[in-house]
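Here's the structure we're looking at; comments come further down.
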Amino acid sequence: RTCNKTPSDQSKICPPGENICYTKTWCDAWCSQRGKIVELGCAATCPKVKAGVEIKCCSTDNCNKFKFGKPR
């Protein structure tokens with residue numbers, strides 16, 4: 001499996017057994033100025049997250065694309 005990974009936002013080969021791609025987003029103190037923090041990566045299962053953290057998981061190559069842009 002290949003997934004996009006931060007910080008480079010480039011497609012990388014996942015380690016053996018990690019067949020899920022994920023996109024995790026959350027806000028910190030700078031969210032209103034910089035936007036949400038984004039983490040892209042691979043996992044064996046869809047990661048569990050705490051309240052306030054959004055996660056999207058998928059299982060095809062490079063399915064976790066995220067459009068990075070300038071905050072408004």
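Every residue gets a Cβ built from N, Cα and C, even glycine.
Database features, via Swiss-Prot:
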type: DISULFID; residues: Cys3-Cys21; note: disulfide bond
type: DISULFID; residues: Cys14-Cys42; note: disulfide bond
type: DISULFID; residues: Cys27-Cys31; note: disulfide bond
type: DISULFID; residues: Cys46-Cys57; note: disulfide bond
type: DISULFID; residues: Cys58-Cys63; note: disulfide bond
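The shortest Cα-Cα distance between Cys21 (disulfide bond) and any of the disulfide-bonded residues Cys14, Cys27, Cys42, Cys46, Cys63 is the one to Cys42. Figure note: comparing Cβ neighbours within 10 Å for the disulfide-bonded residues Cys42, Cys57, the maximum is reached by Cys42. A 10 Å cutoff on Cβ-Cβ distances gives Cys27 (disulfide bond) a total of 14 other Cβ atoms nearby, all chains included. Cys57 (disulfide bond) falls within a strand segment according to DSSP. Cβ contacts within 10 Å of Cys21 (disulfide bond), excluding its own Cβ and spanning all protein chains shown: 27.
For Cys27 (disulfide bond), the nearest of the disulfide-bonded residues by C-alpha distance turns out to be Cys57; the candidates were Cys14, Cys57, Cys58.
Its own atom aside, the Cβ of Cys58 (disulfide bond) has 15 Cβ atoms within 10 angstroms in the protein chains shown. Within 10 Å of Cys46 (disulfide bond), judged by CA to CA distance, lie the following disulfide-bonded residues from the set Cys3, Cys14, Cys31, Cys58, Cys63: Cys58. There are 17 other CB atoms within 10 A of the CB of Cys63 (disulfide bond), with all protein chains counted.
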